[in-house]
Amino acid sequence: MPVTSYLALGAVLFSIGLYGVLTKRNAVLVLFSIELMLNAANINLVAFSKYGLYANQTGQVFTLFTITIAAAEAAVGIAILFALYRNRNTTNADEFDSMKG
Amino acid sequence: MSDIAWLIPLFPLLAFLLLTMGARRFSDGVASLIASGAVLISAGLSVGVLIEKVSMVAPTTLRWRWLSLGDQSISFGVEVNQLNALMLVVVSVVSLLVHIYARGYMAGDRRVPAFYAYLSLFTFSMLGLVLSPNLLQLYVFWELVGVCSFLLIGFWYFKPEAKRAARKAFILTRIGDVGLFIAVILIFWQVGSFDWGPIFTAVEAGKVAPEMITLIALLIFVGAVGKSGQFPLHSWLPDAMEGPTPVSALIHAATMVAAGVYLVARAFPIFEASDIALDTVTYVGAFTAIFAASVGLVQHDIKRVLAWSTVSQLGYMMLALGSSGYVAGVFHLTTHASFKALLFLGAGAVITALHHEQDIRQMGGLWKTQRVVGWLFLLGCLAIAGIPPFSGFFSKEEILTAAWLDGRIDVFILGVITAFLTAFYMFRLFFLVFMGGKKAKVEETRVPRIMIWPIIVLALPTVGAGFLAWLPEHGFSHWLTEGTGIAAGPEGESPGWLPLLTVLISVVGIGLAWLRYGRGRVNSAQVEAEPAKEFSIHGLLSHAYYVDDLYRWVFVKPYRWISLALTWLDRYVIAGLVKGIGLLFQNLGRIGSTMQNGQAQTYALVSLLGLVILIMGLSAGRWFG
Amino acid sequence: MMEIAKALPTFILFSPLIGVAVILWLPRQKSQWIRMAGLLGTLPPLLFAFFLACQFNFTRGAVQFRQDLPWFSIPLGQQKWNFSYQVGVDGLSLPLLMMTAIIVVLAAIASFSIKKREKGYFLLFLLLEMGMLGVFVARNLFLFFIFFEVTLVTMFFLIGIWGLVNRERAANQFLLYNGAGSVLMLLGFIGLLTLFQTMDFDRLLGIMHDPQIMQMLAQNEMAQKVLMGAFLCISLAFAIKLPVFPFHTWMLKVHTEAPPPVVMIHSGILLKMGAYGLIRFGVELFPTQVKEIATILAVLGLINILIGAALAFVQKDLRRILAYSSVSHMGIILFGIASLNVAGLSGAVFQAVSHGFISALLFFFIGRLYERTRTTDITELGGLASPMPVMTGIFLVGGLALLGLPGLSGFISEFLAFLGLFHTQPIIAAVGTLGLVLAAVYTLRAVLTVGFGPTDTRWRELTDARWTETIPMLTMVGVILLIGVWPAVLGDPIQTTLEQIMARMGG
């Protein structure tokens, strides 16, 4: 089953991304890791659109949308990061705790 | 005439309303005129009713619906029979005289209109009590006279003693009232009505279980004990002397305290149906009579001597009723009302003359300066001591006859001893106040005439009321019991030696008082030196057998301690529990909030863990199944 | 004309909103105007309530002026839960409705002493009135619950913002307890909803008294459990509101910390919602279940009476004395309810109304006293009869009414409650009469310590009642006297309704 290897790749990528999100100190790296997770999801979508039970184009269309939104999201994320950096002079994620209750 | 009997209490009520509304707009004179005028009308009507009742004994009843209870309708109204026609006259006439008298006694007080307002309210309540055709209404007025008594005892509210006395009076009588309260309710569930008529019919027809009758009778008697100052609820009455003297004469001698006796007389068929109840009434009465008389021997305050004497005489009346001497009890109630009111008003005159000095050790020699008051006071003393031909002799003799004929020899002996003690302490009082040398340091003032006249009026029945007993063919007792189905007294012929014995006993008492206090042997220094030693008989008596202290240590203090303990419990245990539960949740919240450290990565980790647990949980079935 | 008369409960219910609208429109600086608007805003409900009382048919026990409008529904598969706007008045709610309308007006007068953020105060005050009126006219459990919550929320803010020193803690405790009560009530209501698919009170009444349905339910153990559970939840909710010992601590805090006009309303009306709820939802709706816990109710009543009286005896603060005395007097309501006969239940309703007026009177007095002396500690007060005879006189009358003096309303209620309970639980009732003596003990202690005795120099210059104080107080005294002297005025509407309830109970 060729789909298994794609899914395995997606799972590995997702796990790497998740690991990055949870452990990296640098906020830029966290942002990159989120991109990694998004791409893992994209791989799954594409894989299923080719080898899925009802193979059709929808998955690839969705992927295109996701890539677009991911780009926009990365832009917004970087912008927020810039703003934070200007205020705090750091990109260390541990120091961003203003959400504390 | 009896048809308009409902008007009798109405006038004092109107006077009360007028005086309360007008408050300070009335001058003292106008206020006293309004109140006295209202009572005058009531007294006139009452006399009219009594005269009518002499010839026509059928009871007259009027009623209005007050409250419905299911299909029961509780009504208010008036009922006039012989007993309450007599009481009406006693109450309204004494009240009238006291109203007039108070104009002189209370002159110069700051709150004369208020005083008259309270007096009017009291007169209204007392007349309403007397006219009640049913137990519930009686209870209502019963409490109202109690509250008037409370207000008037505490009339000089700025005096701490008056405050204490008023509170004590209210609470002790309230204890009795609760007994009556329960009795009223029990009667309602047993008989289905509050009216006297159906109650008596049911009791006579044996519709109520005998134990229940006994219980009800005893509870009614508890009410009477509270109101009439019988042992063990007697101790408020001497303290009630903190009130103005006219109040003491009206409420705490002639009328309200006699309400207990009136109640027992009114409910007499219930008592007659239960031997235990009658025995209780007799023995409580007899004990109170001798107990209070012995305390009266050593009191120093002129009004307190009279107050203890009132307690004792009320015990006498109870004794009479308990020995089935219905007429004797009611008769003594009537005569006592006149001579005790006379004595109190006389004492008030003495007190006024001596600028509100009440200690008999500071008095003496008033015979020379206050001849009229002296004579009147002497009449009262002779009457209460039971010297013929004064009224007290006749009624006392009837009581002792009743006790003898009822076969209660022990009670009879107690009664005779009490008669002796009564004669002794009354003449001790008389001799100390009127004989001997002058001790008053201040100049005596003249007693105003307006205070003398009421006493003179009261002297008439004091001297003459006794002859009611000599009406042809037992006219008085026959009239009082006609149509009520109550026996006038125990059957039998009274022994001929009995009047001789009572007179002899009284004379001995007077003689002893003369020997000890009258000949001028005992001067004030000696009376003052009457030892106040603890644990002597004298000390025991002057502290009234330490009953008050006993109550303080057995009831008041423990109740306070219990309450304080409960407060502690409430404040720390119950509130603590509440606070504890609050703290528990607060701390749980605090633990939870430490997880919220503001770092998105921790949140993500936690939610990941949650997801893992969720997935594991959902698939657990597959793994283990 | 008849159409208008039919909608009277609705008019009464929403007429406080006129005042709300006017006050919203007034600028916040015009405090004098806001006060007047607040006072005037309480008058329309009173007028409508009087009008309703005139139109009320006293010989009918059933609910009158019933209005039923569909509101919304929740579809659930095949069936549908319908929620309607249902209001109506019967002999049980009419006296309480009248009492609410009158006391709120007097409390509005007392509220003139509020000196901060008047706009918010009077807005909440009028909303609170709407909530209370709604509780008494609602004939639908859902509606009842909503109005019950309205009173809760408005009270929370009234205590928390305008209270005394520890106001915030008092408000919190108030909310915690009553919130717990509301949850229980909601649980009970939902239990009923799931069983019978309706929240219409009159339909539920029909169902609960239908022998066929009840027989059917008797076989279903689950349904029995739900029913009993719902009953217990609802009773407990109202027991907290009443309050029944030991759920009374919140009420002490409210009595001591809330501003006096709010305490007037709280002690006068809000506690009575507990009594009303217990009769309406306990006795009327659950006739079989309530019989099972009658003895427990009587015992709880006894505990309330005795412990409340004992605690009131040793308190130093006048407010605390009255708070504990309320605990004691609510015990009499429990007595009345526990007796489960017409006499006892009318005693309970009488007590609700009479104690409403008495405690409103006493707290009015305390409010005015506090304004003059800045203390309610009775050890500091004394001899106030000299500088202010009228005020003290009225206080004395209030005290006498509290201890159940005949001729004043307190006596009727105590008498009827005891009369009822002596028929069913004579022993408990007999012990309870001890409370009558204890009531005299603590009341006289309070009244005499404050009014009698020598006057402290500090209090020599106190001013006596002004007419703005005399009129409200005399109004309350008048009502207390009226009920005491001529109880039929209150008794007649109650009697017919209670007789109907008893007849339905079949005992």
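Note: Cβ is positioned from N, Cα and C throughout, glycine not excepted.
Automated prediction, rather than curation, is the source of TrEMBL annotations.
The domain 'NADH-Ubiquinone oxidoreductase (complex I) chain 5 N-terminal' annotation in TrEMBL covers B:66-116. Here TrEMBL flags B:132-422 as domain 'NADH:quinone oxidoreductase/Mrp antiporter transmembrane'. Look at TrEMBL and you will find B:6-23, B:30-51, B:83-102, B:114-132, B:138-158, B:170-189, B:209-226, B:247-268, B:305-327, B:372-391, B:411-431, B:603-624 (among others) tagged as transmembrane segment.
Between the transmembrane segment (B:83-102) and the transmembrane segment (B:603-624), the number of CB pairs under 8 angstroms, six or more residues apart, is fewer than three, so the stretches are not in contact. Over the domain 'NADH-Ubiquinone oxidoreductase (complex I) chain 5 N-terminal' (B:66-116) the predicted model carries a mean pLDDT of 85.
Ranked by Cβ pairs under 8 Å to the transmembrane segment (B:305-327), the stretches B:30-51, B:138-158, B:247-268, B:372-391 are led by B:247-268. Below 8 angstroms of C-beta separation, residues 309, 313, 335-336, 338-340, 342-343, 346-347, 349-350, 353, 366, 397, 419, 422-423, 426-427, 429-430, 433-434, 447, 452, 455-456, 459, 461-467, 499, 502-503, 506-507, 509-510 of the same chain, each at least six residues beyond the ends of the transmembrane segment (B:372-391), sit close to that stretch. Long-range Cβ contacts of the transmembrane segment (B:170-189) within its own chain (Cβ-Cβ under 8 Å, at least 6 residues beyond either end) map to 135-136, 139, 142-143, 146-147, 149-150, 199, 212, 215-216, 218-227, 233, 235-236, 260, 263. When each of B:6-23, B:30-51, B:247-268, B:411-431, B:603-624 is scored by its Cβ pairs under 8 Å to the transmembrane segment (B:138-158), the top-ranked stretch turns out to be B:247-268. Contact check: the transmembrane segment (B:6-23) against the transmembrane segment (B:603-624) gives fewer than three Cβ pairs closer than 8 Å, residues 6 or more apart, which falls short of the contact criterion. Residues of the same chain lying 6 or more positions beyond the ends of the transmembrane segment (B:411-431) and with a Cβ under 8 Å from any Cβ of it are 282-283, 286-287, 289-290, 293-294, 296-297, 302, 305-306, 309, 312-313, 315-316, 319, 322-323, 360, 377-378, 381, 384-386, 396, 399-400, 403-404, 501-502, 505-510, 512-514, 516-518. Remote same-chain residues near the transmembrane segment (B:30-51) are listed as 1-2, 4-5, 7-9, 11-12, 14-15, 18-19, 80, 85-86, 88-89, 91-93, 95-96, 99-100, 102-103, 112-113, 116-117, 119-120, 123, 127 (criterion: CB distance under 8 Å, separation of at least six residues from the stretch ends).
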